[in-house]
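A short write-up of the structure that comes next.
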There are 2 protein chains.
Amino acid sequence: MSTVENQLEELQSTIESEVPNDITITEVRYEGPELVIYTRDPKRFASDGDLVRQLASQLRKRITVRPDPTALSSPDDAEAEVTEVIPDEAGVTDLDFHIDTGEVVIEAQKPGMVIGRHGTTLREITQETGWTPEVVRTPPIESSTVKNVRNFLKQERNERRDILERIGRQIHREEMSDDQWVRITTLGCCREVGRAAFILSTPETRVLIDCGDKPGSEDEVPYLQVPEALGSGPSSLDAVILTHAHLDHSALVPLLFKYGYDGPIYTTEPSRDLMGLLTLDYLDVAAKEGRAPPYESEMVREAIKHTIPLEYGDVTDIAPDIKLTLHNAGHILGSAVAHFHIGDGLYNVAFSGDIHYDDTRLFNGAVNDFPRVETLVLESTYGGRDDYQTDQKDSERKLKHVLKNTLERDGKVVIPAFAVGRSQEIMLVLEEAMRKGELPEVPVHLDGMIWEATAIHTTYPEYLRDDLRERIFHDDSNPFLADQFNHIDGGEEERQEVADSGPCIILSTSGMMEGGPIMSWLEHVGSEEDSTLMFVGYQAEGTLGSRIQNGRREIPIGGRNGRGSSLTLNMDVKTVDGFSGHADRQGLENFVQTMNPRPEKVLCVHGDERSTQDLSSALYHDFNMRTFAPKNLETFRFL
Amino acid sequence: MSTVENQLEELQSTIESEVPNDITITEVRYEGPELVIYTRDPKRFASDGDLVRQLASQLRKRITVRPDPTALSSPDDAEAEVTEVIPDEAGVTDLDFHIDTGEVVIEAQKPGMVIGRHGTTLREITQETGWTPEVVRTPPIESSTVKNVRNFLKQERNERRDILERIGRQIHREEMSDDQWVRITTLGCCREVGRAAFILSTPETRVLIDCGDKPGSEDEVPYLQVPEALGSGPSSLDAVILTHAHLDHSALVPLLFKYGYDGPIYTTEPSRDLMGLLTLDYLDVAAKEGRAPPYESEMVREAIKHTIPLEYGDVTDIAPDIKLTLHNAGHILGSAVAHFHIGDGLYNVAFSGDIHYDDTRLFNGAVNDFPRVETLVLESTYGGRDDYQTDQKDSERKLKHVLKNTLERDGKVVIPAFAVGRSQEIMLVLEEAMRKGELPEVPVHLDGMIWEATAIHTTYPEYLRDDLRERIFHDDSNPFLADQFNHIDGGEEERQEVADSGPCIILSTSGMMEGGPIMSWLEHVGSEEDSTLMFVGYQAEGTLGSRIQNGRREIPIGGRNGRGSSLTLNMDVKTVDGFSGHADRQGLENFVQTMNPRPEKVLCVHGDERSTQDLSSALYHDFNMRTFAPKNLETFRFL
């Protein structure tokens, strides 16, 4: 009998001896990192609010209780009972009963009202029906991504259970090695921005953190082919951790499945959905540009199927000797600092991913408070000695000033923006300014993936900044639902209409003007002298955005069909800095300075050579810690 | 057609166009790093002394010319002709004709006389017979190791040719990668002494440098199981380089073949033979101590079969992007500094192996003059700030003083010594002292593997110190053949005889008194108050040698059969330092200071934590180079 079987038998005995005598346990099994307890008496379980919490704390496991199929009322009966228990104001939009696991997935506009204070309503549902409720939010703005992901996971439910059981056994396997060491191998994004990928390894376990592409460079992908990455086979990886969904961290995660990986991806729920959105678009763009995409869309689905979503703060066993906890990173929706607790108090490593240290309108600042941490792997995008950014208040003042001037002369403002993150930040500034009368109330048109990305933001308000979340939860004043926001979903015709009407604001992808609907907007509005083209994000060298910033006014258009014509840009061109999703140099130093506890070692990564070395030497001098600016393909050993 | 076929075809055309018209080339093929040219006109080839050299320099390849079988006289005819050409004084002891390759292996007491001035005699042999001569030395002292290795290689000649051809194709394969980097991965002997093992890797090639055990620790072997070592399969290694034959560098080389490696081992000829001797003894000791040996003696034979011997200074292609050159390291017979030239002028790394910087009686000091070298991997055994050793002259004076005192009072001197290196150094001191009358001429008995190791030394005088080599070559005054040296080959009976006779000197293994015949000598001589036990080598903590140095006089004996009795040691106990095979702290600094060119980076390895860190910080401060004291399991990237 395998040791996992033994473990499960022992766990079942312990649980049986801990729960009241009249509760029957029929099975105990692992599903991913969770221990699932099947019982014939789910109602009795639910009636003791502390029982599960006590078991979890005693067994040091995440625990889910499910009814044994024999204990279930029929879905029809249960539906009536569930509807009875949940208050109407919760706005239930879907009930989905799964007889095999005794779970009912409840989609509701106000999940909080389905859960109830401290989970009382959830327990009441189980007490009444025996079913285990699982609650998801009905997207306030319809999101095809969220809908597709949910439908897909529903359809793949059985296979997913098998996957989770296999992963569960892998996680809880017996430790084999007496040796003790912790290593980090750099496979990308060292002395460069892009192709984030690291391996964290112990004698027992190997995990991959991120697997991104390098914007502007098709050839430079993470060094996956070296022996210490996938050279010893994709099954030598225990887990993949995705810190956030931006392509320079996520683009090649689905490729791992093409290579034969079939283990878990740990990330937040919004990162999973955004990864789906962004990687499918990535394949789309490759196809449109006539490049062979590195993998098929099927692989994106595999990645989603293998994702185990974690909430911030959940301490999760991902291997016999590693516990993972994700914490808010303040960078984009669902972005995380990944904290690894290795061995039983042996060593702790935190990977910052991309962080914003100060609060922004959208997000709380990055978490830098951990039970323990000896080594920090820190992004350094703005780590250079002069990389200080304008204060956000000043930036917003300047933004509103430009907008006001243009709108007052009946012009339009066209803002090229990244779909995820900066667009929503600007939307919040616009909504507030119009609500407070600082700006005239004009339509704000959202084109490209911005609307869809915003819809995903509204689906996960738990991941937004405290006061924004409170507004959405309690005041029914979700700023993203403000009337002035219009989704451009009518193609060229609608754009023509907008162009023909009065003053307005247009946010459109792509953020660096490398294709996308922003090119149409240039054709429609580019010749208007009273209108303004406003940059709010970093424009990489060589992009059209950068060339326009540098004074170019002859814009090639319609290149796709081969008839290379051009237009003359008459718009006013402005740049407003300070809306970056990255901490600036001061923010990075503050993150380290106030970090609790202060790490012993810092690896400065995810920045060009100058930035990583500047930051590395500054942290060494200011805080007397051991710092490094690694190259790609190096391995550092700790312990 | 494979690209290697294309390459060979092109090479054949080039050669055909370069040689005179009346020379017919029948085939061109690779055997290991060499290009072998088969010709129907070997005599014509031999008549132009410069032709091969010109081709080698033009093609940048090591070239061997062999007769097409059709061009050969019969072995019987050839034997007569060969014997006619070679002067009698050469002392030919064996002629071995190989029809398949047209080679005749000539074993002679004076190989120099078979070769002739600038190879004239060799060429004459080919001109007369068509056969290609290969010369080896008849061991002046019969060596079973050398005999066994030669017989084994003769017997495996056909398989070896196949192996060499396969390796040759591997070496000359087309380069696949556009990427450029050079990395070193530490698999052992970092912040410790023992289990030397490094991987040098480029996008194209991976080579393993050394693969040793850790004396005194059975469990601590090189980290071969990690993905970047053999995790991606033993065939992912292109080559193994052995710097010298001591077990902490060689013990686990045969294990690689058990794991499935079947590529080349590059080392010197004496290192090959000593590796055979020492690893077979290693298996023997394991069996005697009741431990499961990590591999069978068959694997030692595989290792020998796969060895491609290199001479000091030979620049050899070992991969499409790596040239290897071995240089004298001054440590033991055949020990080498391994210099790697990577890419076409891209990067150069030198691995010191174990070195002695100053000349000793046996060896010239280590070579530290290279065309280029950017990174040096340097041993640090005596790298600690206080690791200065007694000057050799003083050590010898002290040694002779102790010997003289003991011999004059009719006592015996028992010296525990390592078979390879220190024993021969002491022999040279003794021979000279007796010859010069500084010591009375008493018998010097050599017990354990010392005699056999000495025989191997005399087989390869080319590897000994200049003046010693000259003495052996020209003066017929080989000091190892001096009359006073006696091989103890009569077991306990002979030892008893020696014990019962007058004053003498006994050198016996093991060097740290952990078993071996030295234990018998203690039983025979240990109680004699007038005799002396003299230590001339490092005694590791925990060994019997170390305990005796620290004052212990009750010696457990006969423990093997379980009847644990003991004897009281009445001998005088002396320690004479200064005969180490390692450079001391000053020697290591001198090696780096006078190194030409001075390397940019130094990795200090093969020393305990204090020694490597002391040396690393000293080299940094004194010479302003980047220095490191790596841990095991780290990877450093250069470029």
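Backbone N, Cα and C atoms are what each Cβ position is placed from, and that goes for glycine too.
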Candidates B:D219, B:D314, B:D354, the one TrEMBL lists with B:H244, B:H246, B:H331 as binding Zn(2+) 1: B:D354
Given TrEMBL lists B:D248, B:H249, B:D354 for Zn(2+) 2, the same-site residue among B:H524, B:H606: B:H606
From B:463-521, B:581-639, the residue range that TrEMBL assigns the feature region 'Metallo-beta-lactamase C-terminus': B:581-639
In the chain carrying B:H249 (Zn(2+) 2 binding site), residues 6 or more apart in sequence that have Cβ under 8 angstroms from it: B:A196, B:D210, B:C211, B:G212, B:L242, B:T243, B:G353, B:D354
Residues that sit under 8 angstroms from B:H246 (Zn(2+) 1 binding site) by C-beta distance, when 6+ apart in the chain: B:G212, B:L278, B:I332, B:D354, B:V420
Candidate with sparsest Cβ neighbourhood (10 Å radius) among B:D248, B:D354, the listed binding-site residues: B:D248
Among B:5-72, B:73-140, B:181-385, stretch most in contact with the region 'Metallo-beta-lactamase C-terminus' (B:581-639) (C-beta, under 8 angstroms): B:181-385
Neighbour count (Cβ, 10 Å) for B:H331 (Zn(2+) 1 binding site): 28
Rounded Cα-Cα span from B:H606 (Zn(2+) 2 binding site) to B:H244 (Zn(2+) 1 binding site), Å: 14
Separation of alpha carbons, B:D248 (Zn(2+) 2 binding site) and B:H331 (Zn(2+) 1 binding site) (Å): 13
For B:H249 (Zn(2+) 2 binding site): DSSP state (helix, strand, coil): helix
Residues that sit under 8 angstroms from B:H606 (Zn(2+) 2 binding site) by C-beta distance, when 6+ apart in the chain: B:C189, B:C190, B:V193, B:A196, B:D354, B:E379, B:S380, B:T381, B:T612
Other C-beta atoms that fall within 10 angstroms of the C-beta of B:H244 (Zn(2+) 1 binding site): 30
Env. residues of Zn(2+) 1 site, Cβ within 8 Å of mean position of B:H244, B:H246, B:H331, B:D354 Cβ: B:T243, B:A245, B:H249, B:A329, B:I332, B:S335, B:G353, B:G421, B:G581
